[in-house]
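Remarks on the structure that follows.
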Amino acid sequence: MAFELPNLPYGFDALEPHIDQQTMEIHHGKHHNTYVTKLNAAVEGTDLESKSIEEIVANLDSVPENIQTAVRNNGGGHLNHSLFWELLTPNSEEKGTVVDKIKEQWGSLDAFKEEFADKAAARFGSGWAWLVVNNGNLEIVTTPNQDNPITEGKTPILGLDVWEHAYYLKYQNKRPDYISAFWNVVNWEKVDELYNAAK
C-alpha cells in the first residue's frame, strides 16, 4: 500500500503568528508531499511497501542498497514530518509527566529549552533537533538531513525541523527566533503521550 500525506490536525493558519500560514502550506503541501511521492517511487515493487514507515527507518541497514539513500532521505522526511505536525498545536500547555521528568533532569523547563535551542541553532546546515527517550532517560540530540533517532534505537518524543524551508519565509536567516517561537506551539500533550509509551 502506498504511503500517504497525512492531513494536518489544524488549519494552515492555526499556528500564526509563530509559524505562518504560507510556510505551513508550502512545508506540508510541497515539501512533505514530495518526500511521500519519492518514497513511494523508491519502494514500488519491493516488500517495503507492506511495512510501516517506522519499521523501515528503524531498519535502514536491511533496505536494498540500490534504494537505501532514497529511502533514508525520503522515508526519513515522511516520518519526521508526520511526527512534526502532531507535535504542534495552537493550544500549547506545559504540563504532564514529561514536563516533570524534564524539570527533574534539567533543573527547570527553561534550562531544558535553552539547551535544546542551543543545539538546534548549532546544527550545521539542514537537520532536526530532538528530545528522545534513551534507556529510560531523556536526551537532546540532533540529526543531519532527514535522519531520525530511531535508526540509532532512540525514541523521538519532540522534534524541531531546522531546515531553512521550515522558517525562511518568516524568519529568514534568524533560526534562533524561529526556535524561540516554536515553544509557543509545542503540543505537550502529544509529547507526554509519546514519553509515556516509550519509557
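Yeah, the Cβs are placed from backbone N, Cα and C, and that goes for glycine too.
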Out of HIS18, HIS27, Swiss-Prot lists as part of the Mn(2+) site with HIS81, ASP161, HIS165 the residue HIS27
Cβ atoms other than its own within 10 Å of the Cβ of HIS165 (Mn(2+) binding site), all chains, total 13
Three-class DSSP assignment, ASP161 (Mn(2+) binding site), comes back as strand
Here the 10 Å Cβ neighbour count for HIS81 (Mn(2+) binding site) comes out at 23
Same-chain neighbours of the Fe(3+) site, Cβ within 8 Å of the mean position of the Cβ atoms of HIS27, HIS81, ASP161, HIS165 and not counting those residues, run in sequence order as HIS28, HIS31, HIS32, PHE84, TRP163, ALA166
